[in-house]
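This report refers to the structure that appears directly beneath it.
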Amino acid sequence: MASTDSSPTTPTAASLAGQEYEVEVGPVAHGGHCVARTAEGRVLFVRHTLPGERVVARVTEGREDSRFLRADAVEILEPAKDRVPAPCPYAAPGRCGGCDWQHVKPGAQRRLKGEVLAEQLAKLAGLTAEEAGWDGTVEPAPGDKVEPGEVPAWRTRVQYAIDDEGRAGLRRHRSHEVEPIDRCLIAAEAVTELGVEARRWPDMATVEAVAATGSNDRMVVLTPRPGGRLPLVELDRPVSVMRAEEERGRGPQALHRVHGRAFVRERADDHTWRVSGGGFWQVHHQAAGVLVDAVMRGLTPRRGETAIDLYCGAGLFAGALADRMGERGAVLGIEASKRAVEDARHNLADFPRIRIEHGTVERVLPRTGITEADLIVLDPPRAGAGRDVVRHIAPLGARRIAYVACDPAALARDLAHFRDAGYVPRFLRAFDLFPMTHHLECVAILEPVAKRRR
């Protein structure tokens with residue numbers, strides 16, 4: 001697949017933005033667009049279209065000497081059978097960039113995600129679906145199997161951007177510009193009920209709305225513009241309020257409680273999990289349960305085993321492992337976020353044989369002195385774990401490793417690193433935990449090569 005860098009090779013080349021081409025659309029590509037070629041052979045990455053369509057594509061980025069151009073389908077000449085009218089009024093060229101596939105039937109969205117995953121596995125890991133232990137399907141979350149034209153309200157965390165007039169909205173695609181909205185269709189009902197879009201937010205850069213799953217906890221995190229003053233927060237439901245200090249160029253530096261609790265309580269795997277404001281938790285209301293179930297089914301923990309949970313966050317997988325391994329089992333969790341470490345230690349305080357260490361995996365794992373483990377879970381950031389982390393993991397000799405990934409390219413790259421280190425996939429499952437977008441979540445279960453050869 002082509003690189004996604006559309007920058008020109010010479011700064012004086014003329015921009016092609018606004019140029020229109022009539023094209024036949026080819027396969028879906030990683031990133032929520034499809035590939036097409038102009039009559040002159042130029043490569044276009046086109047949004048708002050589907051494979052097999054004939055469209056008029058208008059260039060949004062790229063110059064005369066760019067290796068490829070980005071474009072939007074602004075007129076559909078020959079629609080695909082899986083096209084539907086986009087339910088969201090903001091899901092149109094040049095408007096909200098949050099959803100990629102509002103115009104695609106839900107079942108077809110999952111098929112497209114499967115095609116992208118298969119392409120990335122083949123290209124970056126040299127694996128067929130069969131070799132990866134994957135049946136080729138992308139599974140919907142419980143309750144998300146909706147009819148064409150319907151949108152599941154799944155997102156429990158929404159970060160609204162605020163425009164110069166104080167209106168809440170979402171960013172346009174690959175832009176800092178704000179598209180003001182009245183309602184986000186993929187937002188969970190409890191987020192919508194807060195009424196963030198209905199009021200003005202003067203002096204704010206962003207407002208994040210959080211609606212916990214399994215409790216009535218609600219939170220907004222306000223990030224003021226430089227010199228901005230906090231507004232009086234009067235929403236349609238009781239809510240905790242946090243203020244984020246933003247250090248220029250580095251994102252949120254610190255969070256301060258303004259009103260209510262500094263955390264929300266999430267429910268998953270028969271436990272309650274404290275997640276502090278700004279902390280990580282899966283955004284789909286069913287995701288935590290779906291992923292715990294997939295990981296535990298794949299690892300099959302046994303009583304008395306030892307396990308390591310890398311990038312452990314608030315402790316979800318560490319707690320699930322400890323539950324299943326019993327009083328003689330032991331778990332080490334490693335997490336780089338200080339706030340998440342505090343949450344994990346609080347959440348797992350009733351498990352005496354769980355230890356949570358603060359720091360990066362590369363620094364902490366070697367200094368623990370651990371030389372072996374029965375099971376390993378890793379749920380790295382979108383960029384993946386990388387070769388160095390894999391080199392630290394493989395010598396521990398785990399009988400099974402669970403890799404949780406939110407990016408198919410990062411997953412495929414790391415599967416190649418694991419293969420080089422002596423581990424191959426036993427099976428893989430893919431989940432559509434981000435409906436209407438191009439994103440998906442995967443769980444790969446790895447075993448030592450020697451074990452697979454028996």
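Even glycines carry a Cβ here, placed using N, Cα and C.
Database features (TrEMBL):
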ACT_SITE  Cys406  active site, nucleophile
BINDING   Gln282, Tyr311, Glu335, Asp379  S-adenosyl-L-methionine binding site
DOMAIN    14-75  domain 'TRAM'
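All features noted in TrEMBL, drawn onto the structure.
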| residue | record | Cβ within 10 Å |
| --- | --- | --- |
| Gln282 | S-adenosyl-L-methionine binding site | 23 |
| Tyr311 | S-adenosyl-L-methionine binding site | 22 |
| Glu335 | S-adenosyl-L-methionine binding site | 28 |
| Asp379 | S-adenosyl-L-methionine binding site | 23 |
| Cys406 | active site, nucleophile | 19 |
**Request:** For the domain 'TRAM' (14-75), give the DSSP counts of helix residues, strand residues and coil residues.
**Result:** 0 helix, 37 strand, 25 coil
**Complete:** Students should find that the Cα atoms of Tyr311 (S-adenosyl-L-methionine binding site) and the residue listed as 'active site, nucleophile' sit apart, in Å rounded to an integer, by 13
**S-adenosyl-L-methionine site span - longest C-alpha distance across Gln282, Tyr311, Glu335, Asp379, in Å** = 16
**Message:** Neighbours of the S-adenosyl-L-methionine site Gln282, Tyr311, Glu335, Asp379: Cβ within 8 Å of the Cβ centroid, same chain, sequence order.
**Reply:** Phe280, Cys312, Gly313, Leu316, Phe317, Ala340, Pro380, Val404
**Rounded inter-Cα distance in Å - Cys406 (active site, nucleophile), Glu335 (S-adenosyl-L-methionine binding site)** = 18
